[in-house]
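Engineer: Structure provided below as structure tokens; questions to follow.
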Amino acid sequence: MNKKFNSIGILGRPRDSEALATHHMLYHWLKSENYTVIVEREIADALSLRDVTTASLKDIGSQSDLAIVVGGDGNMLGAARILAQYDIKVIGVNRGNLGFLTDLSPDNVQKELSEVLKGEYLTERRFLLETQVKSSLTLIEPNNSSCPRTPNLTGTAINEMVLHPEKVAHMIEFEVWIDDLFAFSQRSDGLIIATPTGSTAYSLSAGGPILTPTLEAILLVPMFPHTLSARPLVINSNSKICLKFKNSNHNLKISCDSQTVLSIGNDQEVVIYKSAHHLNLIHPKDYIYINRLNTKLGWSKKLF
């Protein structure tokens, strides 16, 4: 039997009246079931709840056993990057579009969530990616004002990191190094570095393969490469990826889950690697990933 829950956090951005109605219903239902309920401050304000315990996303992560995210996959991604730093399980109620990460139907949420709260659920540990944008110079004089040290920029992603130019439809040149060994150079519109979770997101649109969520692998998918030999590449999740730029790389960016964007300066390189943190995503007991793909991607039924 899985661990049961005592303290439950409710979060998600109050985008519309339907999402807020789900937040409102969940809060009052969980309180009637005698759970300790913590509501994200934005939600509590939007619902005008009184005598309610509110907290920031980080505080919910540290104080709750379970976080319920109401919204779409974008809401889940934004919350998950922070919640993954804490020992908390996460489940989603789909108030978005596709809903790969948000399992529960808002029309049947009480019934489905009741079983989960009894300990009837499946747990998946989804790994994250981290990136550093740092100087590519091997030696920098820290006291030399003519050669100042540029602070490292960092980012985290559940789905993917995307290297891209600021200018739309603009080809860039870069090298890819894997575990300190040269792998390939490329002229393209960019590169997608995706987790198995992200293999059904932007990577899929660029022709990348679908990876099962618990596979320990990282996916590299070229974006409109200027060569027929460029193909998606799947590597071990423990690999370190380094993106290097021979020429002045004006206005290059690294996008993390399309929500955080880091700028790449001249004489900088990008390092991407598996994070030490995991997202503890839980599902109803009857969750089957292949069935999820059938439903969400509209795959046809058996031909014979």
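Count begins at 1; order follows the chain as displayed.
Any Cβ shown, glycine's included, is placed from N, Cα and C.
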Engineer: ASP73, GLY74, ASN159, GLU160, ARG187, ASP189, THR200, ALA201, TYR202, SER203, LEU204, SER205, GLN259 bind NAD(+) according to Swiss-Prot; which of HIS170, HIS277 goes with them?
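Structural biologist: Looking through HIS170, HIS277, the residue Swiss-Prot assigns to the NAD(+) site is HIS170.
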Engineer: Within 10 Å of each Cβ, count the other Cβ atoms, then let me know which of the binding-site residues ASN159, SER203, SER205 comes out lowest.
Structural biologist: SER205
Engineer: NAD(+) site residues ASP73, GLY74, ASN159, GLU160, HIS170, ARG187, ASP189, THR200, ALA201, TYR202, SER203, LEU204, SER205, GLN259: biggest Cα-Cα distance, Å?
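Structural biologist: The widest Cα-Cα gap among those binding residues is 31 Å.
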Engineer: Looking only at ASP73, ASP189, the binding-site residues on record, which one has the least crowded Cβ, with the fewest other Cβ atoms within 10 Å?
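Structural biologist: Counting other Cβ atoms within 10 Å of each of the binding-site residues ASP73, ASP189, the minimum falls on ASP189.
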Engineer: Which number gives the other C-beta atoms within 10 angstroms of the C-beta of ALA201 (NAD(+) binding site), all protein chains shown included?
Structural biologist: 23
